[in-house]
């Protein structure tokens, strides 16, 4: 879920913390990627037509593999160095959020059945996306794919985004690539959004600088965590009626959730029953993450025959296109090996600015990119069948 309303809050109050970057400007950058979140997105949208997903001859869904293959190839061709991190066990405090998601999925499944019976194709397409489940097998298949492509792979002990943030803080990577803003709540120095967006969307990468976020909002790291909890996070409920703007105002006035509870009208703004905001705060401050000491990152040439065995023989991908992907990646490795980062070659980044009542781009306006990932079909390796969810 991330943090509700955090992006808009930063645009309005800390615009200097956000830069629009070109995808190509990440040449030779190491980037930790929350793979589990992107698998879910690929399962929802890649190759989908109505409620039909891409499958192999055995009826196994392959949307996640096509999506990850396309995006990984694009990054490697651009000289970007991805590291994929996968979720481990969920924290106990996330149990409530996971239960809510399960309930919503079951509601969507019931509504989907009714929409099918009514012949409402628009509702069928919308609801089928809400029933998507990412299994352990899906994650393991993407791990195998990434390894065969020569990309470093890690399984976090708990939340992937927390371990990604730890890698960034340790200086192992330049940024964390994810769409979930709570990566900043884990104090990742840089967060990159849209890095995994398809090329067809032509979206600029939005890079968020953690230190500039704190400076722009006028908060300490501890206050930023409390504000995010008030906005709404995955680990606990929040106070109904208090949105992001009010959350920022209250934290700046009182300094902590404890002080806020002493001052606000709790009849008008009743806190949740048994509200464990302190537990959520501790999870953000001291999450369970992988040990970053002694990690040696390396990117290898793709294992072409291994990819043929896995993607072509097992998953029925098109062999010619898989070999073409391998050729592109190998060529890119040879071409980028001697290149150094020259940020001036790409020009200065665009700084996001804010004015009262509207938002604008200070140096130049990037394309709006209104069509989200769910509105575009990804082009790439073909050779699939379609099956209903």
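Including glycine, each Cβ sits where the backbone N, Cα and C put it.
Pulled from Swiss-Prot:
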type: BINDING; residues: 34, 87, 159, 161; note: Mg(2+) 1 binding site
type: BINDING; residues: 71, 159, 232, 234; note: DNA binding site
type: BINDING; residues: 180, 182, 234; note: Mg(2+) 2 binding site
type: REGION; residues: 1-105; note: region 'N-domain'
type: REGION; residues: 123-254; note: region 'I-domain'
type: REGION; residues: 338-346; note: region 'Interaction with PCNA'
type: REGION; residues: 356-389; note: region 'Disordered'
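The record assigns 71, 159, 232, 234 to the DNA binding site, and the maximum Cα to Cα distance across that set is 30 Å. Straight-line distance linking the Cα atoms of residue 180 (Mg(2+) 2 binding site) and residue 161 (Mg(2+) 1 binding site), rounded to a whole number, equals 8 Å. Note on residue 161 (Mg(2+) 1 binding site): other Cβ atoms within 10 Å of its Cβ, all shown chains, come to 30.
Summarised by DSSP class, the composition of the region 'I-domain' (123-254) is 68 helix, 15 strand, 49 coil. Separating the Cα atoms of residue 161 (Mg(2+) 1 binding site) and residue 234 (DNA binding site) is a whole-number distance of 13 Å. Across the structure, residue 182 (Mg(2+) 2 binding site) and residue 234 (DNA binding site) are spaced 9 Å apart at their Cα atoms.
Comparing the Cα of residue 232 (DNA binding site) with the Cα of every entry in 34, 87, 159, these being the binding-site residues, the smallest distance points to 159.
Between residue 87 (Mg(2+) 1 binding site) and residue 234 (DNA binding site), the C-alpha separation comes to 15 Å.
Every protein chain considered, the tally of other Cβ atoms within 10 Å of the Cβ of residue 87 (Mg(2+) 1 binding site) stands at 21.
Excluding the listed site residues 34, 87, 159, 161, the same chain places 36, 37, 85, 86, 156, 160, 162, 163, 164, 178, 180 with Cβ atoms within 8 Å of the centre of the Mg(2+) 1 site Cβ atoms. Secondary structure from DSSP puts residue 87 (Mg(2+) 1 binding site) in coil.
Spacing of residue 159 (Mg(2+) 1 binding site) relative to residue 71 (DNA binding site) is 22 Å (Cα to Cα, whole number). Neighbours of residue 232 (DNA binding site), defined as other CB atoms within 10 A of its CB across all chains, total 20.
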